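Below: one structure, written as structure tokens.
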Amino acid sequence: MFLMVTEFINYSEQIIRAARYIGQGLMITLSHANRLPVTIQYPYEKIISSERFRGRIHFEFDKCIACEVCVRVCPIDLPIVDWKLETDIRKKRLLNYSIDFGICIFCGNCIEYCPTNCLSMTEEYELSTYDRHELNYNLIALGRLPVSVIDDYTIRTIQIK
């Protein structure tokens, strides 16, 4: 008789413990039910990127001194810098600068180590194309400023916290 009572007490304690665990899990689930949905309707809604977002690289041709620091610090030696030495003024003159965004890993080393700050990251992240050769940007394509997501009136912007 005593054995049967202790088994019943152990069984009831296990039932109470299981009900408590189920209740805790249910409370966590219900606390998430009050949150707003995270999904956005992409072409019509866009997320405002953070201040430190690493998007497409912007290049300012006039500031570049063709020092090739960006090529040396790039982990994949990606930027292609063509220059010519001007003998009369003994300085390098930049002829061409290009980056292939199909290969770029957007690490930001080129921007961080550039001595003249001619490179900067933009908030542009829409780089998809049907032909991968279109992702090879020369100095003219790198020089154009992207359309700001905030300034585009056709798109509803969403701030994610």
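Each residue, glycine too, has its Cβ placed from N, Cα and C.
Swiss-Prot lists Cys64, Cys67, Cys70, Cys114 with the feature [4Fe-4S] cluster 1 binding site, giving sequence analysis as the kind of evidence. DSSP assigns Cys70 ([4Fe-4S] cluster 1 binding site) to a helical segment in the three-state reduction. Cβ-based neighbour count (10 Å, all protein chains) for Cys70 ([4Fe-4S] cluster 1 binding site) stands at 25.
Counting only same-chain residues six or more apart in sequence, the Cβ atoms lying under 8 angstroms from the Cβ of Cys110 ([4Fe-4S] cluster 2 binding site) belong to Ile57, Val69, Cys70, Val73, Cys74, Pro79, Leu119. In the three-state DSSP assignment, the secondary structure recorded for Cys110 ([4Fe-4S] cluster 2 binding site) is helix. As annotated by Swiss-Prot, [4Fe-4S] cluster 2 binding site applies to Cys74, Cys104, Cys107, Cys110.
What Swiss-Prot lists as domain '4Fe-4S ferredoxin-type 1' is 55-84. Residues 49, 91-101, 103-107, 109-125, 127, 137, 139, 142-143, 145-146 of the same chain sit 6 or more residues outside the domain '4Fe-4S ferredoxin-type 1' (55-84) yet have a Cβ under 8 Å from a Cβ within it.
Residues annotated as domain '4Fe-4S ferredoxin-type 2' in Swiss-Prot: 95-124.
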Which residues of the same chain, at least 6 positions away in sequence, have a Cβ lying under 8 Å from the Cβ of Cys114 ([4Fe-4S] cluster 1 binding site)?
Val69, Cys70
Taking the mean position of the Cβ atoms of Cys74, Cys104, Cys107, Cys110 as the [4Fe-4S] cluster 2 site, which residues outside that list, in the same chain, have a Cβ no more than 8 Å away, listed in sequence order?
Ile57, Cys70, Val73, Pro75, Ile76, Leu78, Pro79, Ile99, Ile105, Phe106, Gly108, Asn109
Could you name the residues, excluding Cys64, Cys67, Cys70, Cys114, of the same chain that surround the [4Fe-4S] cluster 1 site, i.e. Cβ within 8 Å of the Cβ centre of those residues, in sequence order?
Ile65, Ala66, Glu68, Val69, Val81, Cys110, Pro115, Thr116, Cys118, Leu119
Tertiary neighbours of Cys107 ([4Fe-4S] cluster 2 binding site) (same chain, Cβ under 8 Å, six or more apart):
Arg54, Cys74, Pro75
Does Cys104 ([4Fe-4S] cluster 2 binding site) have same-chain partners at least 6 apart in sequence with Cβ under 8 Å from its own Cβ, and which are they?
Ile57, Ile76, Leu78
